[in-house]
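TrEMBL has this to say about the protein:
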- SER19, LYS51, LEU83, LYS97: substrate binding site (BINDING)
- SER19, PHE20, HIS27, GLY98, LEU99, ARG100, GLU108, TYR132, SER133, PHE134, LEU135, SER136, SER137, SER138: ATP binding site (BINDING)
- 15-142: domain 'Cytidyltransferase-like' (DOMAIN)
- HIS27: site 'Transition state stabilizer' (SITE)
Amino acid sequence: MTGLESEGSQVRRAVCPGSFDPITNGHLDIIARASRLYDEVYVAVMINQSKKGLFAIEERIDLIGRVTAEYGNVRVESFHGLLVDFCKEREIPAIVKGLRAVSDFDYELQMAQMNNGLSGVETLFMPTNPTYSFLSSSLVKEVATWGGDVSHLVPPLVHDALADRLRRN
Ligand code: PNS
């Protein structure tokens, strides 16, 4: 039996949801910390049909899988529709979210309360490492597009993928 297949309801599971276009060091910090608290951590990559990302969903999943492989208890999947349905199907009782600043809180609180009301799933907020409190995928893409250095903000293989993608675009 592998760690990811053991004992049904005894397994403590959580999900880290997001767009991850692409994954940053800020995301990775939250996923790594969640992976130390839970037996299994799902990274759920939202499929947003109305928004074309820089990276395709499969590319995002591949990048996340490679940068989280060392943790051993992280699995990466895409989802569309409601996050609570993703949780229900996999018996995941907890959503783990990073909070960068007070400005994140209003919307995150709304989502947490809605998700709890819909299905009873709990949301746990983790303060982001202050090193990454200003960081977002959108800013990374914007800075990289104009030639700024983002090498300290994303894992090296994401940095390579970003450079490659922007060269071709
Ligand atoms: O990285 P993002 O884009 O800020 O992540 C947002 C995400 C995916 C966490 C959020 O939009 C979400 O959970 N979407 C799934 C749809 C859903 O369940 N909506 C109701 C939320 S109360």
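Think of each number as a place in line: the chain as shown, counted from 1.
Yeah, the Cβs are placed from backbone N, Cα and C, and that goes for glycine too.
A TrEMBL annotation is a machine prediction, not a hand-curated record.
Each residue contributes its Cα atom, and for SER19 (substrate binding site) and LEU99 (ATP binding site) those atoms are 15 Å apart. A sphere of 10 angstroms centred on the C-beta of LEU135 (ATP binding site) encloses 22 other C-beta atoms.
When the neighbouring Cβ atoms lying within 10 Å are counted for each of the binding-site residues (HIS27, LYS51, LYS97), the highest count belongs to HIS27.
Reported as a whole number, the C-alpha separation between LYS97 (substrate binding site) and LEU135 (ATP binding site) equals 14 Å.
Among the binding-site residues SER19, LYS51, LEU83, LYS97, LEU99, SER137, the residues whose Cβ lies under 6 Å from any atom of ligand 1 are, in sequence order, SER19, LEU83. Each of the binding-site residues SER19, SER133, SER137 was scored by the number of other CB atoms within 10 Å of its CB, and the largest score is that of SER137.
Taken together, the residues of the domain 'Cytidyltransferase-like' (15-142) have an average pLDDT of 97. Classification of SER133 (ATP binding site) by DSSP places it in coil, neither helical nor stranded. Listed in sequence order, the residues of the same chain lying 6 or more apart from LEU99 (ATP binding site) and placing their CB within less than 8 Å of its CB are PHE105, GLU108, PHE125, MET126, PRO127, THR128. The binding residues for ATP are recorded as SER19, PHE20, HIS27, GLY98, LEU99, ARG100, GLU108, TYR132, SER133, PHE134, LEU135, SER136, SER137, SER138; their greatest pairwise CA distance is 18 Å.
In the three-state DSSP scheme, GLU108 (ATP binding site) is classed as helix. Cβ neighbour count for GLU108 (ATP binding site) (all protein chains, 10 Å cutoff from its Cβ): 17. For LEU83 (substrate binding site), the count of additional Cβ atoms within 10 Å of its Cβ stands at 21 [all protein chains shown].
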